[in-house]
Amino acid sequence: MTELRHRGAKDSDPTLQQQPSEDKCSDSELKVEKDGLSDTESKVDSGVPEVPVPPDDTPVVLNKALSGLSSRWKNWWVRGILTLAMISFFFFIIYLGPMVLMMIVLCVQIKCFQEIITIGYSVYHSYHLPWFRTLSWYFLLCVNYFFYGETVTDYFFTLVQREEPLRILSKYHRFISFALYLIGFCMFVLSLVKKHYRLQFYMFGWTHVTLLIVVTQSHLIIHNLFEGMIWFIVPISCVICNDIMAYMFGFFFGRTPLIKLSPKKTWEGFIGGLFSTIVFGIMLSYVMAGYRYFVCPVEFNNDSNSFQVDCEPSELFQLQDYSLPGILESVTGWTTVRLYPFQIHSIALSSFASIVGPFGGFFASGFKRAFKIKDFANTIPGHGGIMDRFDCQYLMATFVNVYIASFIRGPNPSKVIQQLLALRADQQLHIFNALKAHLTEKGLLPALEEAAA
């Protein structure tokens, strides 16, 4: 990496070297960053080509309205107004239904990928690497084809079996996906240039790590959505709540720095965000658990060829009585409390969003500091790029998917039936006889026959 950085300093575009760096960070933040680096690290980092800093694109209306405020309070109001706008948009797409949510997830995934790849291209574009951006987008297409193909086969099985072209694509889906990837792999090998072997392999790894971070985890978000919209909305809302409350507590009460990677993050904001998010998660879960629209798994209705979210709620979303510990009983005077079991799970989700989730942001901060940029892009004034808003969401999506698989999800009878219907008649008959023998041995089949009579 040292050799790469020295080469970057020598061969990078002169216009980038002569362009003054517009540092948007505060003086105290820069001081903390410099103090935290050793002399050796500073010398090595100085060889990394800098990414051009995008101009401030705050709407003219806001700039005029807030012109009399200090930069600190101006940023506070800009972030607040745009945050309310994004939350309103989030409610709107929830109202539009699960299909629109899936499309939004795909669009966010593509934008995040574009922001990260653009940083790589901006840093190393002076090398004129052949096919770098073309291959990056090609690999994105291949990975999305694989993941979304798996999803379609899994959740739209009846539709796939009904249409002959889809059935063929489904049967050979993994082979087709691998063949598409091999084409990109061969194109990369053919694009290798003698003077830039090492750099090209660095960028090849850059693309694949980006795919792992962005595409894989956005695919998990969609899987969480199919389990029920509540598994999509509550985790995302907890991350948003923690981000807002940590900022608020840090803005007004922050005194103690939390981590050097993000000098503006404070312990006061971290702790305040934790407790606020847990309370918010419990309250939001109580409201949403009472509606089938949010708690029922998203399933495809073959009769109407559309998604449906109607079911008999599981025990997870039915009110139950819980006995309070002696300490709480003496304080509140209550012996029992009536809760949805999902509210207990929401504590785990809220805690992860508040304790571990921010490390996704710290990771992104370290990445940005490595390339001397403040934000991934300037898509949202006061907030940076889309990736700046979703750096914690992707980590949260993985946790929710693992949590559901480990503690919530059981065997799905409908999927088992779908797989049985895809078997040959003799295989179905063999399974029927085996199941009949098993039920008879358990003593369940006679009882079912008597009930039927």
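Using the three backbone atoms N, Cα and C, a Cβ is placed for every residue, glycine included.
Bear in mind that TrEMBL entries carry predicted annotations, made automatically and left uncurated.
Record features, source TrEMBL:
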type     : residues : note
COMPBIAS : 1-13     : compositional bias 'Basic and acidic residues'
REGION   : 1-52     : region 'Disordered'
COMPBIAS : 21-44    : compositional bias 'Basic and acidic residues'
TRANSMEM : 76-95    : transmembrane segment
TRANSMEM : 101-124  : transmembrane segment
TRANSMEM : 131-148  : transmembrane segment
TRANSMEM : 175-193  : transmembrane segment
TRANSMEM : 200-222  : transmembrane segment
TRANSMEM : 228-249  : transmembrane segment
TRANSMEM : 270-294  : transmembrane segment
TRANSMEM : 342-364  : transmembrane segment
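Packing against the transmembrane segment (131-148) from elsewhere in the chain are residues 106, 109-110, 113, 117, 120-121, 124, 173-174, 176-177, 180-181, 184, 187-188, 191, 200, 203, 207-208, 210-211, 215-216, 219: each is 6 or more residues past its ends and has a CB under 8 Å from a CB in it. Among 76-95, 175-193, 270-294, 76-95 has the largest number of CB pairs under 8 A with the transmembrane segment (101-124). Remote same-chain residues near the transmembrane segment (175-193) are listed as 129-131, 135, 138-139, 141-142, 145-146, 149, 169, 200, 204 (criterion: CB distance under 8 Å, separation of at least six residues from the stretch ends).
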